[in-house]
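The block underneath contains the structure these notes are about, expressed in structure tokens.
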Amino acid sequence: MATVEPETTPTPNPPPAEEEKTESNQEVANPEHYIKHPLQNRWALWFFKNDKSKTWQANLRLISKFDTVEDFWALYNHIQLSSNLMPGCDYSLFKDGIEPMWEDEKNKRGGRWLITLNKQQRRSDLDRFWLETLLCLIGESFDDYSDDVCGAVVNVRAKGDKIAIWTTECENRDAVTHIGRVYKERLGLPPKIVIGYQSHADTATKSGSTTKNRFVV
């Protein structure tokens, strides 16, 4: 009696599944998903709260340090915006190893490009200008003169806020003026707005309420 062989069901071809698995693994292991993007410098963010019962240095507190793009944004998104700080408070972002004070070895012969804002600009411009300042610093936006940059400070004050970029050598005209021009352009300030650069020594010894400008752009 003849026997009929049962039909054999074709075995599914495994390679596509393997390919899918491989693709899936590649997607999970994509370096862009877990490798952080290093910055050229390590930076330290400081906070100052004006408590008159304490010394100036006791009021200055180191918040955190970072050296990657991702860690910068994690920190920035975690802290209060400058516009929400109480009057008398400061944020300072400086290269690691430089303290946000005139007396620091890297600052004592330097100065600052100063942006002054009126009270109405706290809501419209302060946070935008400060973020752009931070991005200028960590992005090394000043070409060959980025090494001259020490850090930046935002002062929140009742009469009007200030933002400044500090450089290490006030006599270095080429570096100072280049930094000032780039900074003014990055902030989107119109040509009619003039910003000034003041040495820390002049600021410390000023006799009136204003300090003379060494340079303007």
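Cβ atoms here come from the backbone N, Cα and C positions, even for glycine.
Marked as mRNA binding site by Swiss-Prot on the basis of similarity to another entry: TRP56, GLN57, TRP102, GLU103, ARG157, ALA158, LYS159, GLY160, ASP161, LYS162, THR205, LYS206, SER207. Cβ neighbour count for ARG157 (mRNA binding site) (all protein chains, 10 Å cutoff from its Cβ): 16.
Per Swiss-Prot, N-acetylalanine is recorded for ALA2.
The phosphothreonine annotation in Swiss-Prot covers THR22.
As annotated by Swiss-Prot, phosphoserine applies to SER209, with the evidence given as similarity to another entry.
Per Swiss-Prot, the feature region 'Disordered' maps to 1-27.
If you look at the region 'EIF4EBP1/2/3 binding' (37-40), the same-chain residues 6 or more away from its ends with a CB under 8 A from one of its CBs are 66-70, 72, 138, 140, 146. Here Swiss-Prot flags 37-40 (among others) as region 'EIF4EBP1/2/3 binding'.
Annotation source Swiss-Prot lists region 'EIF4EBP1/2/3 binding' at 73-77 (among others). Sequence-remote contacts of a segment are chain residues at least 6 beyond its ends whose Cβ falls under 8 Å from one of its Cβ atoms, and for the region 'EIF4EBP1/2/3 binding' (73-77) they are 45, 63-64, 66, 131, 134.
The region 'EIF4EBP1/2/3 binding' annotation in Swiss-Prot covers 132-139 (among others). Under 8 Å from some Cβ of the region 'EIF4EBP1/2/3 binding' (132-139) lie the Cβ atoms of residues 39, 41, 43, 69, 72, 76, 93, 149, 151-152, 154, 163, 165, 182-183, 186-187, all in the same chain and six or more residues away from its ends.
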> Of TRP56, TRP102, which of the binding-site residues has the most Cβ neighbours inside 10 Å?
Replying inline: TRP102
> Per DSSP, how many helix, strand and coil residues does the region 'EIF4EBP1/2/3 binding' (73-77) have?
Replying inline: 4 helix, 0 strand, 1 coil
>> If you count other C-beta atoms within 10 angstroms, which of the binding-site residues LYS159, ASP161, THR205 is the most crowded?
In response: ASP161
